[in-house]
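Engineer: Take a look at what Swiss-Prot says about it:
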ACT_SITE  GLU94  active site, proton donor
ACT_SITE  GLU125  active site
DOMAIN    66-229  domain 'SIS'
REGION    1-24  region 'Disordered'
Amino acid sequence: MTRFQSDAAVSADRGHLMTEQPNPRSTALDLLDTAELVTLFVEEDRRPQQAVADASASISAAVDRIASRLKDGGRLFYLGAGTSGRLGVLDAAECPPTFCSDPEMVQGVLAGGAPALLRSSEGLEDLEAAGREDLDQRGFNAGDCLVGIAAGGTTPYVRGGLSHARSIGALAIAMACVPSDQAPLPCDIDIRLLTGPELLTGSTRLKAGTATKMALNIISTAVMVRLGKVFGNRMVDVSASNSKLVDRCLRILRDLGGIERDDGLVLLDQAGGSVKLALLMASSGLASSEAMELLQTHDGQLRQAFASRGLKLAQS
């Protein structure tokens with residue numbers, strides 16, 4: 001018996017999965033000229049957007065339930081292997097600079113850890129216990145949320161994490177790119193992004209990866225909107241951590257509060273880099289500590305804080 005025959009998870013036939021089936025449009029992929037090749041990819045890459053649109057109800061449900069838990073101090077974890085895991089890490093890493101969120105609030109957990117970001121560690125995804133262990137190492141608990149990402153829906157690492165989440169009462173959300181009857185996953189919310197067979201058979205870094213990234217973008221951004229980190233379409237909790245973001249903060253102060261650039265620099269410094277505090281201070285005359293107290297009273301919701309004082313921003 002070979003080492004492959006001895007492991008049922010490794011030797012299982014996955015040919016029935018939508019993501020593993022050959023795409024009839026690309027049977028002569030290697031014979032196409034470059035222009036035809038590019039055109040075919042462009043045409044197929046319209047499918048991820050429709051797949052995400054078709055899953056909008058389950059994505060909306062996920063956003064509301066995640067936001068509710070995060071308001072109560074819970075955290076959001078993305079768990080995956082290979083491309084799926086890397087996309088989770090990418091989305092989580094963007095939350096602190098965009099929304100000034102605590103790095104602990106949204107975390108990406110990748111099979112194989114940081115080294116797997118640069119060098120593929122695909123074999124680690126076959127270890128179901130590893131999914132549970134990696135979550136345990138981060139103190140994952142009943143108040144937290146897990147989005148288990150597995151394009152083909154069969155990854156033991158992700159299945160193990162989702163099973164663990166459900167067993168302790170955490171929110172378990174599955175995200176896969178095959179129908180649920182092809183690969184059922186233990187979860188409270190089931191997000192299925194049906195992008196169809198890949199042009200390069202089985203290469204789920206393509207359409208499946210694109211749809212996954214789109215869905216994660218929506219989830220994290222919509223959750224942060226619900227948490228009050230956005231006013232209108234401005235990221236009013238942006239972290240002023242580099243010159244580009246300082247410039248963005250100053251433009252937000254100008255556009256929302258009518259605050260000129262030089263005054264904005266002074267206010268931003270007094271507010272410790274917080275756009276929200278700077279806007280409240282400029283509009284109300286409150287000191288930084290008083291503005292912070294007002295904001296905390298309204299759970300960080302800038303619009304509510306302004307309304308409580310009878311104030312309005314330039315763009316309300």
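From the backbone N, Cα and C atoms, a Cβ is placed for every residue, glycine too.
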Engineer: Which of the listed active-site residues (GLU94, GLU125) has the least company, meaning the fewest other Cβ atoms within 10 Å of its Cβ?
Structural biologist: GLU94
Engineer: What kind of secondary structure is GLU125 (active site) part of, going by DSSP in three states?
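Structural biologist: The three-state answer is helix.
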Engineer: Taking just the CA atoms, what is the gap between GLU125 (active site) and the residue listed as 'active site, proton donor' in Å?
Structural biologist: 24
Engineer: What three-state class does DSSP give GLU94 (active site, proton donor)?
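Structural biologist: DSSP assigns GLU94 (active site, proton donor) to helix.
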Engineer: Mean pLDDT over the domain 'SIS' (66-229): what is the value?
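Structural biologist: Overall, the domain 'SIS' (66-229) comes to a mean pLDDT of 96.
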